[in-house]
Amino acid sequence: MESEQLFHRGYYRNSYNSITSASSDEELLDGAGVIMDFQTSEDDNLLDGDASIGTHYTMTNGGSINSSTHLLDLLDEPIPGVGTYDDFHTIDWVREKCKDRERHRRINSKKKESAWEMTKSLYDAWSGWLVVTLTGLASGALAGLIDIAADWMTDLKEGICLSAFWFNHEQCCWGSNETTFEERDKCPQWKTWAELIIGQAEGPGSYIMNYIMYIFWALSFAFLAVSLVKVFAPYACGSGIPEIKTILSGFIIRGYLGKWTLMIKTITLVLAVASGLSLGKEGPLVHVACCCGNIFSYLFPKYSTNEAKKREVLSAASAAGVSVAFGAPIGGVLFSLEEVSYYFPLKTLWRSFFAALVAAFVLRSINPFGNSRLVLFYVEYHTPWYLFELLPFILLGVFGGLWGAFFIRANIAWCRRRKSTKFGKYPVLEVIIVAAITAVIAFPNPYTRLNTSELIKELFTDCGPLESSSLCDYRNDMNASKIVDDIPDRPAGTGVYSAIWQLCLALIFKIIMTVFTFGIKVPSGLFIPSMAIGAIAGRIVGIAVEQLAYYHHDWFIFKEWCEVGADCITPGLYAMVGAAACLGGVTRMTVSLVVIVFELTGGLEYIVPLMAAVMTSKWVGDAFGREGIYEAHIRLNGYPFLDAKEEFTHTTLAADVMRPRRSDPPLAVLTQDNMTVEDIENLINETSYNGFPVIMSKESQRLVGFALRRDLTIAIESARKKQEGIVGSSRVCFAQHTPSLPAESPRPLKLRSILDMSPFTVTDHTPMEIVVDIFRKLGLRQCLVTHNGRLLGIITKKDILRHMAQTANQDPASIMFN
Amino acid sequence: GAAGLSGAGAGGGAERSGANSEDVRCKCICPPYKDHSGHIYNKNVSQKDCDCLHVVEPMPVPGPDVEAYCLRCECKYEERSSVTIKVTIIIYLSILGLLLLYMVYLTLVEPILKRRLFGHSQLIQSDEDIGDHQPFANAHDVLARSRSRANVLNKVEYAQQRWKLQVQEQRKSVFDRHVVLS
C-alpha cells in the first residue's frame, strides 16, 4: 500500500462556498489551522513564471525525476478542499491512515534540523495525551454539573428550600437537627409547594395541590427541553450511542459533535431527567464526552485534519463518558472497546484508560453527592451467597433476556411507526403527552415518584437495623442482642407486603413507559430505566426467596445453609443481579457490564452470580434476535454500519453483488487522457456516483486509478477559477505525461494529483465472504472488480449492506446512506 | 458562612482547610433500643472524633447500657461543598435563562422585526410548513444579501445566518424527513 502524491500534500480548509455549503461545521477553522505544505514528486517543471512563492520542492517519490518537456505545465499545487468529506458519507480509512503516516514521517525527518523542529515533534507526540487529558477534565466537570443540577431540579417538583434555594431536599435538611429516625427527610427549612401555596402540610388538599404542582413542573421541564432541542440543536435528542457507533466506524455527521449540540445536550439532559420521564443519563453522557473530545481535537492539527485519528480521541472520550456515568473507569474502557469503537488500536487502550481516570478524578473532587462516591448507588456488600441461590439468579437472567427481547421489538416497532406515519409530525406534542402520562401515574406510587437513581439505591441497600422504610418493615425480635451487621432472616411485616404490591405496579408501569420514552426528541438514555426494572424484579424475587427460606427452613435445599437465626438471603444482592441481567438483555453487553456492576458495588465475590445472570440473559435474548438495542436502532435508521459481530456465511461471489448488473447501464468510467473538462462535468451532473474508476482506454479497460466525485468537482472548479486557459474543451489528463496535442488546442488540465493510484481490486470470482472481510478489516468504501485483468465493475459498502440485508431477508431498501 | 474560602467551581472539593464549618458533619444513626425510639444525631466534629461517644448527646441510656447502645449505632463522617452546589446551580440557571431569552427572541421577536424592516415580500416561507413554526425561514435570503459586505457586524450576522441554516438542515433531517435519530 504505497502512499501516492495524493498523500504528500496537506490541504487547508476554507469556506469553499460551492462545496462546503452550510452543512459544514468548520466555522472553528475559518482562516485558522492552515497546513500549507507544497511538495511535488513529479513534473517539477520550475519553468513557469507564476509559480507560487514559498513552496518547497522535494522529490519524495524516488525515481521518475525525468521531467516532461512540456513547458507550460504549472506546478502542482495542493487544491484546497481535496481530501475532505461530504456530510453523511463514509471516510476512507486507508487514505486517512496514509496521510497520518506521511505527516509523521515528515515531522520526524525534520526533527534533527533545529531546536524548533524538535519542539514541534515533541509537541506532536504529546498532543495525543493533551487532548485526552482535556477531554477527561471537561467530561468530569460537565458530569458534575449535570449531576448537581439534575438532583436539584428533580426535587424542585416537590418543594423548595427557603433558606437557600439552591439546595435540594437532602442538602437542605443536612444540617438540621429536627430530623427523626422515622422521617429522615422532614425539616422546617424544606417547604413543599402545598405548604407554600395553601399553607397546609398534610391532608387531602395538600396532596392534591402537591400532585398538581408536580404535574405542572414535570410538563414545563419537558416542554422546555424539547423546545430547546428543536430550536437550537436538533441533533441533541435521543441517546447518541447508535450515532456515535456509526461515526466511529467511519461515517460523517457534521454538527453531531459540535459545540451547540454539546451545550444543548447538557442543559436539556438535566431538564429531561428532572421532568420525571423514564430515562437515564448514561447514554447522553457518552455523547457529551464525545462532543468534548471532538471540540478539543480541533485545537490540534494532528487530529483536526485527520478523521481516523480523531476517532481514536472519540474512543477515549466515550470511555470517559461511561466512567463518569457509573464511576467505573475500567468498565468505561471495556464499554468503549466492546460497544462503541470500531477500530481500537492498542495504544488507544492506554489513552482511554487515562481519560476515564482523569474524568473520574475530576468528578470525585467536585464531590456532587457529599459522600465522596461517584454514583448515587454505590453499595458495598460483604454477605456471602450460596450455591442454591444460583437458581433464582438464573431465573432473573431469563427474565432479563425476555424483557430485553420484548423491549427491543416493541421500541423498534414504535420508533418505526413514529418515523413513517403522522405520529412523527408532532414531536413537541408527543413529548408533552408522554411526560403528562408519566407524571400522572408516577405520583401516587412512592416508588415511582422517587428519582430512578434513588429508587435503585434503595433497592440495592440491604435492610439493616438502621433502615426505616416500608420495604424494611420486618417483624423484629426486639430482645435479640445481635449487633448491626448480622440480622437474621425475619418474617415480613405488613409494610413489606404493601411495598411488594407497589413495586409490582411500578415494574409494570416502567416496562410500558420506557418503550415509549426511549427515542423521543429529548436526550434519553436507557441504562438507568433498565437497571431499575431489573432491580425491582430482583428485589421482589429476593424477598420471596427470603421468606421461603424463613418459613421452610427445613426443606432440603435450605437446610444446609439457612438455619434459623442465620443471615442467609440478601435481597439487595438479588436486586443487583436483576439490574445487571436486564441491562445485559437489552444491550447484549458482556464483559463490560459485569465489570461496571462490580465496580459499582465493590464486591468481587459476586462475580459468579453476575456472570451467570448476564450470560443467561444474553443467551435468552439472542434466541429471539441477535441485535442489541443500539444495533437495532442503527438498522432502523439505515446507517452504513458494517457490524463486526455479524458473520456473513453465504456462498455468493463478487460477480453477483457488483454493479453494474446485467440490466444496468455500463460502468461510468473516466479515461486517462481522452476526456475533456466538459465531458467530466456532464458525467458528474448526470450521475450520482461517488467516484469513478479511471481506465487507460475504452478498448483495453486496464485500470489506472480511482477518482472521487468530490475531489473532481473541487479540482475542476478551482482550475477554472485559478488557472488560465482552462475551458470546457480542455483535455483532462490523469497520466504522468500529457499527450501531445495540436498547437491551437487549449491547455490541458492535469488532475493526477487527485487520483488514487492504489484502489483495491478483487476478481469477479472472489467469494463474498472474503470481500466482506476485506471491507470490514480495512474500512473500505468501495472495491473494484476485475476479470482477467480488465475492469468489470465496482462494489460499494452500500451494495454489501444491501446484499447482507437481502440474504437475511430484511428490506434492502432500508439502507439509506453511502 | 465562610463561603468564599473553599474555592468555586470544579476544584473545590478535595482540600478542606478553609472550608465552611457548616459543610462537615458527623451523622450517627441509632436504632430503637429497648424502649427508646430510634434517633439521628448530627454534630459538627472532626473526623477523629466521629464516633458514638462524642456525638450522641445527651446519652439516652444509663451508664452500663451505653456500650450496648453505641454498638448498634452507626456513625459516618460526611462533608459537602455548599459553595460548589451554589455556584453550579447559579451557572446552570443563568445559562438556561439566557438560552430561553435567545429562543424567545429568535422565534417571536425576530420575525416581527424583520417583517417590519424588510416588508412582507421578502419573507419567503421555506418548503414545508408543518405544524410547528420554523424560526429560521428567512435565513437564506439574509445570507445571500450579506455576503457582499465585509465589516465586523456583518461578519457576525453572516456567521449567525450560517448557523441558522445549519440548524435548519439538521431540523429537516431529524424532524421532517426522519432520516437520522428517529
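Please read every residue number as a count from 1 along the shown chain.
Any Cβ shown, glycine's included, is placed from N, Cα and C.
The transmembrane segment annotation in TrEMBL covers A:126-150 (among others). Nonlocal intrachain contacts for the transmembrane segment (A:126-150), taken as residues 6+ away from its ends with a CB within less than 8 angstroms of a stretch CB, comprise 266, 269-270, 273-274, 281, 285, 288-289, 292-293, 296-297, 299-300, 302-303, 312-313, 316-317, 320-321, 324-325, 351-352, 354-363, 366, 368-369.
Distant neighbours of the transmembrane segment (A:214-236): 153, 156-158, 253, 255-256, 258, 260-261, 263-265, 267-268, 271-272, 274-277, 427-428, 431-432, 434-436, 438-440, 443, 449, 520-523; these residues of the same chain sit at least 6 beyond its ends, with a Cβ under 8 Å from one of its Cβ atoms. The feature transmembrane segment is assigned by TrEMBL to A:214-236 (among others).
Sequence annotations record features per position, and here TrEMBL assigns transmembrane segment to A:256-277 (among others).
Annotation comment: TrEMBL describes A:284-301 (among others) as transmembrane segment. Within its own chain, the transmembrane segment (A:284-301) is flanked in space by residues 28-29, 33, 35, 127, 130-131, 134-135, 138-139, 142-143, 146, 239-241, 243-244, 257-259, 261-262, 265-266, 269, 309-310, 313-314, 316-318, 320-322, 324-325, 340, 359, 523-525, which lie at least six positions past its ends and keep a Cβ under 8 Å from the stretch.
According to TrEMBL, the transmembrane segment annotation covers A:313-337 (among others).
Per TrEMBL, the feature transmembrane segment maps to A:386-408 (among others).
As annotated by TrEMBL, transmembrane segment applies to A:428-447 (among others). Distant neighbours of the transmembrane segment (A:428-447): 210-211, 214-215, 218-219, 221-223, 225-227, 230, 275-278, 418, 455, 499, 502-503, 505-506, 509, 513, 516-517, 520-522, 536; these residues of the same chain sit at least 6 beyond its ends, with a Cβ under 8 Å from one of its Cβ atoms.
According to TrEMBL, the feature transmembrane segment maps to A:499-520 (among others).
Residues or ranges marked as transmembrane segment by TrEMBL: A:532-553 (among others).
Feature annotation from TrEMBL assigns transmembrane segment to A:573-598 (among others). Within the chain, the transmembrane segment (A:573-598) has long-range Cβ neighbours (under 8 A, six or more residues past its boundaries) at 322, 326, 328, 330-332, 334-335, 337-339, 379, 381, 383, 385, 392-393, 396-397, 399-405, 407-408, 456, 459-460, 462, 526-527, 530-539, 541-542, 545, 604, 606-607, 609-611, 613-618, 620-622, 627-630.
According to TrEMBL, the domain 'CBS' annotation covers A:658-722 (among others).
A mean pLDDT of 89 is what the model gives for the domain 'CBS' (A:755-812). Positions annotated as domain 'CBS' by TrEMBL: A:755-812 (among others).
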- Message: Can you tell me which parts of the same chain pack against the transmembrane segment (A:386-408), counting only residues 6+ beyond its ends and a CB-CB cutoff under 8 A?
- Response: 511, 514-515, 530, 533-534, 537-538, 541-542, 545, 557-558, 561-562, 568-569, 574, 577-578, 580-588, 609, 612-625, 627-629, 632
- For the domain 'CBS' (A:658-722), jot down how many residues DSSP puts in helix, in strand and in coil. 24 helix, 15 strand, 26 coil
- Message: Within the same chain, where does the transmembrane segment (A:256-277) have neighbours whose Cβ lies under 8 angstroms from its own Cβ atoms, ignoring anything closer than 6 residues to its ends? I mean 6 or more beyond.
- Response: 25, 142, 145-146, 149-150, 153-154, 156-157, 214, 217-219, 221-222, 224-226, 228-229, 232-233, 235-236, 240, 243, 247, 284-285, 287-288, 290-295, 314, 434-435, 438-439, 442, 517, 520, 522-524
- For the transmembrane segment (A:499-520), sequence-distant contacts whose Cβ falls under 8 Å of one of its Cβ atoms, 6 or more beyond its ends: 226, 237-239, 277-279, 403, 407, 410-411, 414-415, 418, 427, 430-431, 434, 437-438, 441-442, 445-448, 455, 469-471, 473, 526, 529-530, 532-533, 536-537, 539-540, 543, 629, 633
